[in-house]
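Participant: Before I ask anything, here is the structure I am working with.
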Amino acid sequence: MFPLRSRVTTVGRNAAGARALWRATGTKDNEFGKPIVAIVNSYTQFVPGHVHLKNVGDIVAEAVRAAGGVPKEFNTIAVDDGIAMGHGGMLYSLPSREIIADSVEYMVNAHTADAMVCISNCDKITPGMLNAALRLNIPAVFVSGGPMEAGKAVVADGIAHAPTDLITAITASAKDSVNDDQLLSIEQSACPTCGSCSGMFTANSMNCLTEALGLSLPGNGTTLATHTARRELFETAGKLVVDLCQRYYGEEDESVLPRNIATKKAFINAMALDMAMGGSTNTVLHTLAAAQEGEIDFDLSDIDALSHRIPCLSKVAPNGNYHIEDVHRAGGIPAILGELRRRDLLEKGVHTVLYKEMDSWLDDWDIRGGKATDKAIELFHAAPGGVRTTEPFSQSNRWDSLDTDQARGCIHDVDHAYSADGGLVILRGNLAPDGAVVKAAGVDESIWTFSGPARVVESQEEAVSIILDKQVQPGDVVVIRYEGPAGGPGMQEMLHPTSFLKGAGLGKACALITDGRFSGGTSGLSIGHISPEAAHGGLIGLVENGDTITIDIRNRSLNLDVDDAVIEQRRAAMLEREKPWTPTNRNRPVSKALRAYASMATSADKGAVRQLD
């Protein structure tokens, strides 16, 4: 039997002071000696994906207590990337991942919690809590707040936008053909309920990946926040975490620990899922960071290898017209994994918090596999309610039928894949010797090979300005540099530049490359995570206006077509500058908090984690 971590604060004479304080929080005498479960919540009124989580912690706590545990809740911060987008607030988004991970570690270790339930949802909160879970390596179950319903149809500029989402609104704002009244109509429809934004953006991508990693329950990534079916996920998570405590502390079963669930094989399966579902490029950053926290040998080369053999089976917004609610109707994550399993494209020998082997999990939950339980079939009938609300579990609508069409439905089988290669592709070349990432699922195949003159800017703001001022011409390659983890600092998302290019009708006529990153809502020929970044001496820092840049997605290359001798001349001139590898004409206030992150931040190929040694 392993001793509970919390014993140092609950058992023995020396713990009298701590017990006195525990009593002041409502702990009863008969609860001392039981496992203390941290309910790691992230409720905030700033974020639609978290606005409904205020009372959800109580549901988990009741389940923990009923199962024999002692629940204690605390909150982390949560940044809304959409609200922070396009201004200085985006500098704080990625660094907040590290703050969240640290705050979870601080609270859990300071108060000697024995296990935790992580109630996450949006872009950096799930990755931050995932990093913490793998760092702490105590029993943990993830249950996110759930996705938002897609917006209703809106007709504007002669086009029926059906259904709408956040990206619809941002793109429409850059279209001269959309008048203010039409834009308001789209805006009012785009985000109708609580929950993480309705497409296959970063938040939903990461919540889906927790299923494949084995740390959350089936349906976690796709069951709508508004649906009554989601309540059971929270209840089950509370019961399950106490069972995991018994297995670990009571039976010395180390298989239930996060590092023994989210193994290298599990990470490979998670990124295979991401390739198949056309997930956000940000998942690359976050899985690399999480693997390092768990001391797991998983790096960009593993992701690159997956992109060569995993087909793209789904195109969800912003890459297509489907939304997460449609993925759910088609069987959710078990259905996608099931399609991969049938072609022997998954790693075997993995398990989850709920199942001792993945095969059993998929047998029970893959509605296309022929063995799915009635419970699984019931869950995937959960449909949107179509009513504006910030309340969770507020409707119980059901789809009349499930989407099992493997040729034309939301989730294809391998024979009808959108492409033989995965939805994400790693590019290399002299511009990105350590790698760059493109969401190939969001790029029209007609521009998979692209060559054009560079249009260089040194901030996202400058990029937006030249696009809206119509200074970008068809055929240009917009280069946004010094926006990497250290150079930004904070590695801003470039959603506004890509959305405004699309809104200006240049979505298939231009490319955009950056050492920054992209929102999960980005589509088009948008290449990010260029490593090394400009601030770390990357070649992107030496590109000049008019230089030819060549992109070849099929051959996975990204190159600056300039003679080596010229490049070396530019490098020598850079090193002679008073402040080499810094922007020349950018006036950006940077706080102490951001400078601290920048001083330790690695480039994107390492997950933009802090390097302390």
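Cβ coordinates are placed from backbone N, Cα and C, and glycine is handled just like the others.
Annotated active site, proton acceptor per Swiss-Prot: Ser519, in sequence order, evidence recorded as sequence analysis. The annotation Mg(2+) binding site is assigned in Swiss-Prot to Asp81, Asp123, Lys124, Glu493. Marked as [2Fe-2S] cluster binding site by Swiss-Prot on the basis of sequence analysis: Cys122, Cys197. Summarising the annotation, Swiss-Prot assigns N6-carboxylysine to Lys124.
Distances, neighbours, how buried they are, the whole picture for these features please.
Facilitator: DSSP assigns Ser519 (active site, proton acceptor) to coil in the three-state reduction, placing it in neither a helix nor a strand.
Cβ neighbour count for Glu493 (Mg(2+) binding site): 32 (other Cβ atoms within 10 Å of its Cβ, all protein chains included).
In sequence order, Val47, Gly49, His50, Ala78, Val79, Asp80, Asp81, Ser196, Ala203 make up the list of same-chain residues 6 or more apart from Cys122 ([2Fe-2S] cluster binding site) whose Cβ falls under 8 Å from its Cβ.
Listed in sequence order, Ala78, Val79, Asp81, Ser93, Leu94, Ser96, Arg97, Ile100 are the same-chain residues at least 6 apart in sequence whose CB falls under 8 Å from the CB of Lys124 (Mg(2+) binding site). DSSP assigns Lys124 (Mg(2+) binding site) to coil in the three-state reduction, placing it in neither a helix nor a strand.
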Participant: Cα-Cα separation of Asp123 (Mg(2+) binding site) and Ser519 (active site, proton acceptor), in Å?
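Facilitator: Taking the Cα atoms only, Asp123 (Mg(2+) binding site) lies 9 Å from Ser519 (active site, proton acceptor).
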Participant: Translate the DSSP assignment of Cys197 ([2Fe-2S] cluster binding site) into the three-state scheme.
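Facilitator: Coil, per DSSP.
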Participant: When the number of other CB atoms within 10 A of each residue's CB is tallied over all shown chains, which of the binding-site residues Asp123, Cys197 has the maximum?
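Facilitator: Checking each of Asp123, Cys197, the winner is Asp123.
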Participant: How many neighbouring Cβ atoms, not counting its own, are there within 10 Å of the Cβ of Ser519 (active site, proton acceptor)?
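Facilitator: The Cβ of Ser519 (active site, proton acceptor) has 32 Cβ neighbours within 10 Å.
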Participant: Could you tell me the C-alpha distance between Glu493 (Mg(2+) binding site) and Ser519 (active site, proton acceptor) in angstrom, no decimals?
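Facilitator: With the alpha carbons as reference points, the distance is 5 Å.
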